[in-house]
Amino acid sequence: MPKGPKQQPPEPEWIGDGEGTSPADKVVKKGKKDKKTKKTFFEELAVEDKQAGEEEKLQKEKEQQQQQQQQKKKRDTRKGRRKKDVDDDDDGDERVLMERLKQLSVPASDEEDEVPVPVPRGRKKAKGGNVFEALIQDESEEEKEEEEEKPVLKPAKPEKNRINKAVAEEPPGLRNKKGKEEKSKGKAKNKPSATDSEGEDDEDMTKEKEPPRPGKDKDKKGAEQGSEEEKEEKEGEVKANDPYAHLSKKEKKKLKKQMDYERQVESLKAANAAENDFSVSQAEVSSRQAMLENASDIKLEKFSISAHGKELFVNADLYIVAGRRYGLVGPNGKGKTTLLKHIANRALSIPPNIDVLLCEQEVVADETPAVQAVLRADTKRLRLLEEEKRLQGQLEQGDDTAAEKLEKVYEELRATGAAAAEAKARRILAGLGFDPEMQNRPTQKFSGGWRMRVSLARALFMEPTLLMLDEPTNHLDLNAVIWLNNYLQGWRKTLLIVSHDQGFLDDVCTDIIHLDTQRLHYYRGNYMTFKKMYQQKQKELLKQYEKQEKKLKELKAGGKSTKQAEKQTKEVLTRKQQKCRRKNQDEESQDPPELLKRPREYTVRFTFPDPPPLSPPVLGLHGVTFGYEGQKPLFKNLDFGIDMDSRICIVGPNGVGKSTLLLLLTGKLTPTNGEMRKNHRLKIGFFNQQYAEQLHMEETPTEYLQRGFNLPYQDARKCLGRFGLESHAHTIQICKLSGGQKARVVFAELACREPDVLILDEPTNNLDIESIDALGEAINEYKGAVIVVSHDARLITETNCQLWVVEEQSVSQIDGDFDDYKREVLEALGEVMVNRPRD
């Protein structure tokens, strides 16, 4: 049988046979030979193994060289030599890149119009966009945002290297073909961005290089990997040297703001060491303010004050009219004292013709008698007296020209009231509690509180245009407060007072300045009038807030988002404001309207637990005589008792023994004769004027109550909160609390003791007005006995206390009310009581 045609062999034996495929990359079927080289499969394998071994050897040598280079660069970095080399290399690369970008860019005039220009056939079209000019323009911005750009650009670098790496590994023919296609695509673009231009430049530079020779691809790959490692190493060193590399953008901005504030504080320290913790800014003086520079009124607009990084005043306005008496009120710690200090130091723009005095420091302790310390405050009078003495000496020597000058000096002395100066000084000192012997006593023999009274007497004697008093009643007894209250009601110059004594503010002030929300708000009338107006204002604000919230709720129900609803509401407020502004064209522009916030009332409530009933008398002194060693007795034959419903206020001048009487009642002092008797079940709660001595300063308020009364943590915090201690202060060491906060801790301790009798020695010191009101309400609701020593007239009158006067070594009850006692005190000093009606 004839044989059929011979079967054709299968299709091409070579896999991947193409234009750019090297013989080494061809795959041969088992048992076949290459028609060109006539090599067997095993010979091909041997050749490949040999080439692979050589390449592996070269690769190892390259890696060793790279490791040596990296170690050398690390050593150079330690020695500080590497930075110069890197900068030189970077400068060279940057110059090459800039020259390349300059060739690709067009003039700036072409960049403005960007009208496409027809290109003649056969010519290349210039690339659009002036990349070089754009880089020059943004160079400073890129330097500023270098830290922010790094996280964005870092992932792009490996991608760029991968592109170059892929181009290097592609066959030469395919790479050239692909490069032509990419080049033609680049011509079709009119306005490439700076990033695209950089990419095209990298590709063009890659194309211009010679095609890689066999066996060089891996070398190039290794070199590129080495350069990539160097770049990553540089970035790692930058991050290691940058202490803020781990911070986010928000944290960096916050840190920058804090550093700016610290620099501002440092500059302020250099300028004025007295105000080293404060920052003040004030708007430029307007034309209206410039007109008032020579007037007696003060008008400061748009000033801001910050202390320790905390903003106290923001765009606030200060208006003070000559001859008015202002009371500055507001919660503790909001900047009232800071404002007084800035006015006194003229950190704010006070008119130069207004002399300002802030009474805040006690007089120097020296040999100067108290009355002379007051008289020497009037430097003009002292200068005239010295001139008088000098001219009298010249006149005695026969100088006739001195007579005319001496007459002028006498006229000035009469005009200033120099003859009555000493009588005036002694009257002021007597009103503040100095008897004739004390007025002639050297100041170094007085305590700090009495030297503070001398300082207050100096301020009253000088009568500045603007007198500022910061808590003037804190160092005074009730009698001195009564005299000062009456004296200031006749003050004819401008007065600015910070005080927590509501009765004092009601009697003295004609206007109230309320510090609220970092601004100053003004009310005509005394504190009682302000309180009514403020409460009415808060009610109106609450109604407006509820109306606003209702409108926002309706807008949200209609499909608006919260942001859209708030924006629409603000637009309505803006239109209303513009309408009002058109009606009142004379008024200055107001701040842009903001959405209302819920009004928050500052409320404090004190509570003391009611005691169980006890049979009277629960406490008393019987036949008691007491005196300190080496001194005459303070009391002789005291005999009185106290019941559970007693409300007693002990009054009298300083030094007569009011605090000593309280210590005898509590059993802390033992009588010289007689005895203190009390019910065996009686528990006494004592608030000492030196209350800080009974606290453990290293403990927190919560720990102090937990240890003393075995209270759970939450119960201790609730007790502290009831007496107005802020929650953040519950876990702070007591030594770091303010005086008012420490006082609240003591009141919380008294409540935990569940006393049957409250004995309070000057409890209103360091308390604000709201807390004093809360204390008065708590005393009225308390079912036990109360004995109090206080200089706060309103606390005395609000609690309906009986007045017991300490005088002449005994204690006696007054027939009449508090006004009767005031009249007696003023008559004893030779003063006439001012009966100014309260508004």
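Placed from the backbone N, Cα and C atoms, the Cβ positions cover glycine too.
Just one residue in Ser140, Ser561 has phosphoserine written against it in Swiss-Prot, and it is Ser140. Noted from Swiss-Prot: of Ser193, Ser227, the annotation phosphoserine belongs to Ser227. Looking up Ser109, Ser306, Ser447 in Swiss-Prot, the residue bearing an annotation of phosphoserine is Ser109. Checking Ser184, Ser197 against Swiss-Prot for the annotation phosphoserine singles out Ser197. Between the alpha carbons (Cα) of Gly330 (ATP 1 binding site) and Gly655 (ATP 2 binding site) lies a span of roughly 33 Å.
DSSP gives Gly330 (ATP 1 binding site) a coil state; it is part of no helix or strand. Highest Cβ count within 10 Å among the binding-site residues Gly330, Gly655: Gly330. A distance of 32 Å separates the Cα atom of Val656 (ATP 2 binding site) from that of Asn332 (ATP 1 binding site). All protein chains considered, the CB of Ser659 (ATP 2 binding site) has 16 other CB atoms within 10 Å. Gly655 (ATP 2 binding site) sits 30 Å from Thr337 (ATP 1 binding site), taking the Cα positions as reference. Counted over every protein chain shown, other Cβ atoms within 10 Å are most numerous around Lys658 among the binding-site residues Lys334, Lys336, Lys658.
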